[in-house]
There are 2 protein chains.
Amino acid sequence: MISETATVSPVHRTLAAELPRRIGRQVTVQGWLHRRRTLKSVVFLVLRDRSGLAQAVFTGPEAMSVADGHPEETVLQITGTATANPQAPGGVEVTSPTVAALSGPAAPPPFDLYRPSVPATLPTILDHAPIALRHPLLRAPHAISAASVAGFRTTLDTLGFTEIHTPKVVASATESGANVFAIDWFGSPAYLAQSPQFFKQAMVGVFERVYETGPVFRAEPHDTARHLAQYTSLDAELGFVTDHREVMAVLREVLAGMTATVGRQAGEACALLDVELPAVPERIPEIHFAEAQELLAAHTGEDPRGEPDLAPAHERWLSQWALREHGSEFLFVTGYPMAKRPFYTHPEPGRPEYSNSFDLLFRGLELVTGGQRLHRHEDYLAALAARGESPEPYAGYLAAFRHGMPPHGGFALGLERWTTRLTGADNVRRATLFPRDLHRLTP
Amino acid sequence: MISETATVSPVHRTLAAELPRRIGRQVTVQGWLHRRRTLKSVVFLVLRDRSGLAQAVFTGPEAMSVADGHPEETVLQITGTATANPQAPGGVEVTSPTVAALSGPAAPPPFDLYRPSVPATLPTILDHAPIALRHPLLRAPHAISAASVAGFRTTLDTLGFTEIHTPKVVASATESGANVFAIDWFGSPAYLAQSPQFFKQAMVGVFERVYETGPVFRAEPHDTARHLAQYTSLDAELGFVTDHREVMAVLREVLAGMTATVGRQAGEACALLDVELPAVPERIPEIHFAEAQELLAAHTGEDPRGEPDLAPAHERWLSQWALREHGSEFLFVTGYPMAKRPFYTHPEPGRPEYSNSFDLLFRGLELVTGGQRLHRHEDYLAALAARGESPEPYAGYLAAFRHGMPPHGGFALGLERWTTRLTGADNVRRATLFPRDLHRLTP
C-alpha cells in the first residue's frame, strides 16, 4: 500500500563538464541541441547543459540520418562512449552514440543561439527572454547576479545580520510622494513599496543588524538604459554605529564578499563576458562632498559649488580621479547636502547643511546610497516640520523611535545596476531576467 | 583633502553573550533597558542586545539615582567591570558601572517586554509590531525563519541550483483568475504575481535548476489564522527529472537542510519556544491519493472516495497515521486527481485521472505542493483545450515550450506556514513580521 521516496534515476546523467573524467566509459548526456553540423560522412551534435557543451559524433548512414532529424534546441539524451579528442570541446566527445528526444522537435529560436556573439537587438532579446537567455552570453550576467547576492548574504551572515522579509504593499506613499504604483487592496487604496527603508529601520530595534534582498518598485516615467520599474534591492541596516563610517566599513566588507563570490561561483560567466573583477581596497578612498566640489572647480573648468548634488559627468570625473590618485575603482563621496537627502538622514555634526550620508561610486556611476539615520523621535518631528510635512502619515514609522532606537544606518545597492556595471553592459535590462518598465510588462 | 575609510569604533562593544569570556576586564555593553529593578540599596539594570541579556549593578545613592532615571526600552551604554556572579544572567554582571543614554528616554511600550510570557493579544502585538517584536518570545520565530531560508538556499546551491529574481507584476491573471490584486501600471491594468510559477519553469530552460525566495500575493478574502495576502514563497524548479519522485527527493534534502540550519543558527530561539525539530527521514513515507482514500474509508468511518481532494481532518488523520506507522512527521501524498491541480500538472502515466503531483503533510497540515509539469507544447494546448481555456492569454508562457523544454518539476513552500508549524504557533501572523491581510495594511 505504501512505498517510500527514493532518488529515482533510471539513467545516470553525466554533465558536459564531467566528461573529461569519464573517458573510456559509457555515458549518458542530456541537454539542448545547441548546434548540429552535418558533413559528408559525419554528423556532429553539440548538446548544451547547465555545465557547458558536449559533442557527440554520428557516423554511418543510419546513425547520421537519425541525428540529422533533430532541430536545434530540441532536448536530447545521448548515450555512448566518452572518447578523448583534442579537437572536441573540453577535449572529449561521445562516440558510438544513440540518441532519444526528451522534448518535441523544437521550433526555430528567434535567433541562432549557437553563434558566439548574439545576433539580435535588445528588444528582440527581451521579447523572447525565455529562449534568448539560453544563449551563454545572455545567461552569464544572471549567473553573476546570483553569485553576487550569495556573497552579499554570506558576508552579512558572518557579521551577525539577520535576514528579514517585509511588506511590498504599504498604506501610504511615504518615502516620496511621486513614482508610486497604486493598488486596489480589497477596495482600499494602497501602494507598492519603493524600498524597505522604514521596515528595516524598525527591525534594527529587534535584531540590531538586518538585511533584505527583495523587489522594490518605482513608477519611473523615464525610458532610459538605467531605469527599471521593478528591481532587486540589497538592503542592510545596522544599529549601534557611531556614524556613517561604520556603515561604510560594513559596505566595504560586503563588496569584497560579493566580488570574491562572483569570482568563485561565476568564474566561467566572468570569463565569457571578459569581466575584470575590481579589487576592493582594504580602505576605499573617501572624499567629502564639499571637497569633491572644490576639486571639480579646480580641475574641470566648471564650478559646481553651491549645487546640492553631483552631475553624472562629475561622478565620472571623480571616479577617474580615484582610480588615478588612489588606484581604486570605488570611491565614497560623503556628506551630501541635507537638501538632497531624505528626511530621515542624520546631519553632519557641526555642519548641519551637510549629512552623515554617502554615495559609493563604482566605475563612474553611483552604485550604493547610504548613511546614518536619525534615531531620536524629536529629531524626526523636527526634520518633518522643517520640510513642512505633517508627521501624521508617518505615525506607524515614527512609533518605533518613541520607544528607544540606537544610532543606526544602512545602505541599499541595486543588484541589476551592480551586475550591469560589473559586466560593462550597455543597458540594465541585460542584467534583468524579465524587465518591467514604462513600456514592458511581458513576458 | 582626502581621508580613507576605516572601521571607526570609538568604544569596543562587548555583546551580552561575550561577557563570560571577559570576566575581570573593563567592558562596555550597549542595548535596550530590558528591565530595571530598584531595591533598597541597589539598582539592577538588565540590558538586552541581539545576543542576550546583560545585568549591571548600581550601588551607592548617586549611582542608584542615575540608573533609576532611565525608563525601560531606553537605549543605554554601560561601562564597568565584568564580574562573575552565579546569580546573574549568564553568570556574570557588570559592576562599578557608568551609564550613558544613546536614545531619548523611551515611552512605555504597549506591554511589558521583560515579562517571561507575552501579556498581550495578537491584535495588540500586530498593531505595535516594531516594538512588540522586541520581546524575545515574539522575535524568536523570525530568527527561525531566517535560518530556514538560509538552509533552503544552501541546500539548493549545493545541488547546482541558481537563484533567480522574477517580476512581481504581470500583465494577466493567469494562474487563477480569482484572488489577484489589480495595479495601475502607467495607466494599463496589471496584477501582482500569485507565484513565480511561469518564470521558474521558463528558467529551467536556461539554468536547468532554479530557485527563488520572494513575496507572492493572494487577494484572499478569507480572514483566518492561516491566510495572508502576502507571503514568502520558497520556490524551486528542476529539469531532467524522470517524474515527480526526483522533485520529492530534492525536497527531502531541502527539508533536512532547513531543519539542520535552524538547529545550528537558531538554537536559542528554538529553546525559547520549546521547538522540537522534526527528524527528516532518509526516505519520507509516501502514499498515493487513491490509497489514502482507501485507508481513510477503512479506518475513519467516513468514505471520501470520489472526492477530488483531502479534507483538513483527513490530512490530520494521515499525518497521525504516518507518525504511528512510519515514525515520520512528514508524509508525501502523491497522485492528486488532475481535476484539482493546475493545468500545467503532468498526469500519471497509465492513470490519467491522477497526476504526477504531491503534497507534503507536516504535523497534520499541507506544507508543500509540487509535482511534475507538462513539458511539451502540444500537451499544454491539449490541457488548456480540455479545460475550455483559450491559449491566447498564456502565449508568453507557452512560448518556451515550443523551443524545447526537458521533463521538469518543482515545488513551493510557504515560509510563514513552515515557521508556524515548526513553532506550534496558533496563527501564521506570529511568523510574519508585518502581516498583510484583508484587514491589515499597517504598520
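Just so it is clear, glycine is given a Cβ too, placed from its N, Cα and C backbone atoms.
Note that TrEMBL annotation is computational and uncurated.
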- TrEMBL records B:Arg218, B:Ala219, B:Glu220, B:Arg226, B:His227, B:Leu228, B:Gly414, B:Leu415, B:Glu416, B:Arg417 as ATP-binding residues. Which of B:Glu276, B:Glu282, B:Glu366 is assigned to the same site? B:Glu366
- Which stretch, out of B:197-200, B:333-336, B:409-412, is listed as region 'Aspartate' by TrEMBL? B:197-200
- Task: Could you tell me which of the recorded positions B:Pro89, B:Glu366, B:Arg373, B:Leu415 sit with their CB under 8 A from some CB of chain A, listed in sequence order (or 'none')?
- Result: B:Leu415
- Fill in the CA-CA distance, B:Glu220 (ATP binding site) to B:Thr369 (L-aspartate binding site), as an integer in Å. 18
- Of the recorded positions B:Pro89, B:Arg218, B:Arg373, which one sits closest to B:Glu366 (ATP binding site) when you measure Cα to Cα? B:Arg218
- DSSP says what for the region 'Aspartate' (B:197-200): how many helix, strand, coil residues? 4 helix, 0 strand, 0 coil
- Quick note, B:Pro89 (site 'Important for tRNA non-discrimination'): same-chain residues at least 6 apart with CB under 8 Å of its CB -> B:Ala16, B:Val46, B:Gly52, B:Leu53, B:Ala54, B:Gln55
- Distance between B:Arg373 (L-aspartate binding site) and B:Leu415 (ATP binding site) at the Cα atoms, whole Å? 23
- Can you count the other CB atoms that lie within 10 A of the CB of B:Glu220 (ATP binding site)? 17
